[in-house]
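*Asks:* Below is one structure. I have some questions about it.
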Amino acid sequence: NLTAVLEFRLLGFSSNAYCQILLFTVFFVIYTLTILGNITIISVVTLEPRLHSPMYKFLKNLSFLEVYYTTTVVPKMLANLLAKRKSISFSGCMAQLYFFISLGATECYLLAVMAYDRYLAVCKPLHYGVVMTAESYTCLVVGCWVTGVFTGVLPCLMVSRLHFCSDNLINHFFCDISPLLKLSCSDTTVTETVIFILSFLVLASCFLLTLVSYLLIILSILKIPSASGKRITFSTCSSHLMVVTIYYGTMISMYVRPTYNLSSELNKVVSVLYTVVTPLLNPVIYSLRNKAFKKTLENIVIRH
């Protein structure tokens, strides 16, 4: 008994009106701060020639990515928190799923490349200028974006070809893979297996490269004779590792599993971490804690 599903109903977080208003306020504030923080980074790096090094250009790309990544999910979530009819069209759902997967994969690649860039700067400072040239930087950034665009095609295509019966209630706040697979009345074994393998290849490989890069950086820091130098560099690396651990930890727990049997409520909580919280932490950790960046920001404000 198959029928064409034209739209899905998103159940969201709670049916309590006061709870929805509270969640709307919290998420709206976080989203606003995320957009302002990332736009600030993009503007400062663009306006200041001294920040046109590969490290800050990577940060600019990450900020640009975060704006689109969180905008894929949060505005629709905010609208549904205030709407009586919390719905999304089938095509809109598939589009949201595609951009969410593509931008999420791009972020994984970009975080790995940024870790590699910091490894070269700390562990191979004499070779950094030779290895990380303008051409190398361009190739790495373009490679991250292009690979991310293609990464989202196969999962979205496979999910869109599943059959959805009369029940169109998605127990989530956006169109994610897990609730859509649970909702489908088709045999999802092949789809789950393919998505599991793809997720494992992307997330595990990027996380391993990022982790190894930071471990090598820490080993190099231990050789620094100055205690203050060790403390400053350790502080930066620990902050970066915190963001990376939150992002990869939540993503791996969600997608690198052969079956998607995580409870719906826990699924939502974990999803909030990598769709709402991490995009806010990135500008704070990667740039706003950076003394050179803060000094440049102050100079720009004074100048204008």
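Residue numbers in this text run from 1 along the chain shown.
Cβ atoms here come from the backbone N, Cα and C positions, even for glycine.
From a predicted model like this one, the values you see are computed outputs, not experimental measurements.
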*Asks:* Quick check on the annotations: TrEMBL lists transmembrane segment for one of 50-72, 142-164, 234-256. Which range is it?
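*Replies:* It is 234-256 that TrEMBL annotates as transmembrane segment.
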*Asks:* When only pairs 6 or more apart in sequence are counted, do the transmembrane segment (194-222) and the transmembrane segment (95-116) reach 3 or more Cβ pairs under 8 Å?
*Replies:* yes
